[in-house]
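Listed in TrEMBL:
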type	residues	note
DOMAIN	6-121	domain 'Tetrahydrofolate dehydrogenase/cyclohydrolase catalytic'
DOMAIN	140-283	domain 'Tetrahydrofolate dehydrogenase/cyclohydrolase NAD(P)-binding'
BINDING	Gly166, Arg167, Ser168, Ile236	NADP(+) binding site
Amino acid sequence: MTAQIIDGKKIAAETRELLAKEVALFHNETGITPHLAAILVGEDPASAVYVRNKERACAKAGMKSTLHKLPSETTEAELLEMIEQFNDDSSVHGILVQLPLPGHIEEQRVLDAVTPLKDVDCFHPENVGLLAQGRPRFQPCTPRGVQVLLEKSGIDVSGKHAVVLGRSEIVGKPMAMLLVQKGPVANATVTICHSRTANLKEVTRQADILVAAIGKPNFVTAEMVKPGAVVMDVGINSVDGKLVGDVDFDQVAPIASSITPVPGGVGPMTIAMLLDNTLTAARIAAKG
Ligand SMILES: NC(=O)c1ccc[n+]([C@@H]2O[C@H](COP(=O)([O-])OP(=O)(O)OC[C@H]3O[C@@H](n4cnc5c(N)ncnc54)[C@H](OP(=O)(O)O)[C@@H]3O)[C@@H](O)[C@H]2O)c1
């Protein structure tokens, strides 16, 4: 069997092109340019790269982005004050706090402080609740990216057994929520696995669609995958200076029906979905 290699780079580029057209149309109708305010605390080099990529993507899509760099010794109170300013600033539509934050700042308190109407990462409890109820305001970026890849690759999800490996608030749980919803590219029967799951291999081998999001390089081997399964690899791990996923691509690609590579699979979709949420936030603001 030769697996379909899902080209996330290409699908993300197409998605962003479409989005740029929507942004232009929205601007013509309302005079509003969607504006993403990104906050970066500290000097983490990987975070700096992520934020720069988000800025560039905004510019390409015709959106405004502003980067607000704060020193690593910034207090939680100072950060909360900045968020409050952006919450109140009607020219800012989306607020992004780049993670991780320095250890002395409590992440949850900071993420909860972003007003739900500008929460383009979909981390706020109100937005997570709306998502859980099947009436999302914003889409969780990385999981939504996986869903769009499935859709654009013509993969039928309805009635399939999807196994999500990982239960984080950013990827695993919202991924499961999207796949189990009533609606397009959903209606799956979903199992969530984590580090305490017993007989993991037996569970993953039942998956028609396997989403790996655990942050362990090459963890998913061929014996964990049912022949013909769709394998979506969210993992981004650096091994000897090379990026690898959570799936052992060389082993699994020959038995999968479709698979995402790393890099060039799920990764590029996350930013595209962030832009989509920023446009949604601007639309919400325009409605008043
Ligand atoms: N493509 C993108 O844009 C994107 C975005 C976000 C994250 N990522 C990548 O996706 C991966 C996961 O990220 P994350 O933020 O979800 O990570 P995380 O918060 O560290 O969560 C990892 C999850 O995997 C589970 N896990 C760890 N080891 C396991 C094992 N041996 N067997 C079964 N489950 C195991 C953990 O279980 P417990 O809950 O029991 O500890 C946890 O639920 C990372 O490589 C990250 O870099 C990529």
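Each Cβ is built from the backbone N, Cα and C atoms, and glycine gets one as well.
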DSSP three-state assignment (helix, strand or coil) for Arg167 (NADP(+) binding site): coil
Secondary structure composition of the domain 'Tetrahydrofolate dehydrogenase/cyclohydrolase NAD(P)-binding' (140-283) [DSSP: H/G/I, E/B, coil]: 50 helix, 28 strand, 66 coil
For the domain 'Tetrahydrofolate dehydrogenase/cyclohydrolase NAD(P)-binding' (140-283), the mean pLDDT of the predicted model: 98
Packing count at Ser168 (NADP(+) binding site) (other Cβ atoms within 10 Å of its Cβ): 15
Surrounding CB atoms that lie within 10 Å of the CB of Gly166 (NADP(+) binding site), all protein chains: 23
Pairwise C-alpha maximum, in angstrom, for the residues (Gly166, Arg167, Ser168, Ile236) that bind NADP(+) according to the record: 16
Those residues of the chain, 6+ apart, with a Cβ under 8 Å from that of Arg167 (NADP(+) binding site): Lys173, Ile192, Cys193, His194
